[in-house]
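*Asks:* Pasting a structure below so you can have a look.
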């Protein structure tokens, strides 16, 4: 990028990487700011309406209209959500390495619009559904694989598009503000608050208006509105092209991680140098060298193939100490990452079995029957309430107790979230036992509002866990790999949904379908909830061990600096003593 001698060049973001749509240095008066960020938020709002409007009520369609078993229906939903979050890694990689955030969001938003359009066709066409159940014989024919083919194609097309949007839209929105400008930096903080507000607003609209339309007017209308919303979101995004600030792709951090691991393995038989100072670019490292995961240091050994000057600059021949240390920092996050997964396994039950519970309960308020999927409203209300309360109440109380400006550390937030997820499963098990007993013995449907406690508890858990995990991965990730932090966070959601599918399959097989039945009155869903509670408690104890051993990046770097200062003071003292001793000897000789 050519820099010009005017204010436009100065207005570019850090390192001069932000340009306008023509490739020129950005002009703050014409690009970025709240106008551009607001248009980008519209795309995220559209994506959230589509995804939540589908996932929160899909299980009732699969069981009620397609006559699939409850366990298979739950797995279809969790596999869809898991794939969507996992594909966020692909979207992030393409944006960082080749396409840039704007082009990636525009392409994947168009794919999402295609996916939800296909879903509208799949759920509207009569040929895509099995015949209605025979009420006299109580016999239902499940949808065939041919009838499910278009549904699967639609869901995974939407998952591909949603994953690309999810991993890039927040970063693209933050690019519209200059962090070096105090005024714009303050606006960036508000942007993230409004970004989360848009997510919650879209979710509330989806679980109220869209779910009602799906259940009472028709799936085609509910999904059709989602398709129209997504098309409108794409049009708004593209229409605002001239107002955006664009960051050129700088290369993906995943390439650096793969390269360091590859070189460490290829050089595994080499001996360690006698002094770490002999490692490649040791003295120019941006991150202090550590002895953790020492095997990776071999990637920075300058061997015969890297002795020539041009080869020493080739990163596929030898890595730098900075790259090696950044990979070490990422790998150090894995233990905490692994213990965050089970929270999202518990959370996924709010999209599947909890919604199915509601269909077997009294959902009437007067003459109005609340759609089962709309009870997720209490989940999102809980998230909003506790997110607000955490900043205004919890953090202030924690500051007085811990005398820490931060109040609660990121890992403390995650720990509270994990503990609340266990409590949520205990509440779910107790309510399900009560519901089934009353239905079997008294032929009585208890009110669906009994589900509110488990929605509130798990929602409160998300308010702690979501913020804690996101803050942890952003703060603890290396400076050169910040764009990867969102991918790491999304991967915990993805794995949580996949673990849910795995658990459902294992429980169905081991119990010979006695726990998880389409007719919950004949199953033992409460035992499945108790299983999740026990696994959650074990996971929480493992998390405590890992979190106590984890040293925050700031603490680690400060301890290294302290060690260097102590070493320097010791050397100075030793040198001073030697000089004094030498001076005394010279004086005696004189």
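Keep in mind that glycine also has a Cβ here, set from the backbone N, Cα and C atoms.
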*Asks:* Please identify the range among 309-328, 329-348, 549-568 that TrEMBL labels transmembrane segment.
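*Replies:* In TrEMBL, the transmembrane segment feature sits at 329-348.
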*Asks:* Which stretch does TrEMBL mark as transmembrane segment, out of 145-169, 170-194, 220-244?
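*Replies:* Feature transmembrane segment in TrEMBL: residues 220-244.
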*Asks:* Give me the stretch from 76-95, 329-348, 368-389, 486-507, 527-546 with the greatest number of Cβ pairs under 8 Å to the transmembrane segment (195-214).
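*Replies:* It is 368-389 that shares the most Cβ pairs under 8 Å with the transmembrane segment (195-214).
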*Asks:* May I ask which of the stretches 220-244, 410-431, 451-474, 486-507, 527-546 has the most CB pairs under 8 A with the transmembrane segment (329-348)?
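*Replies:* Of the candidates 220-244, 410-431, 451-474, 486-507, 527-546, 486-507 scores highest.
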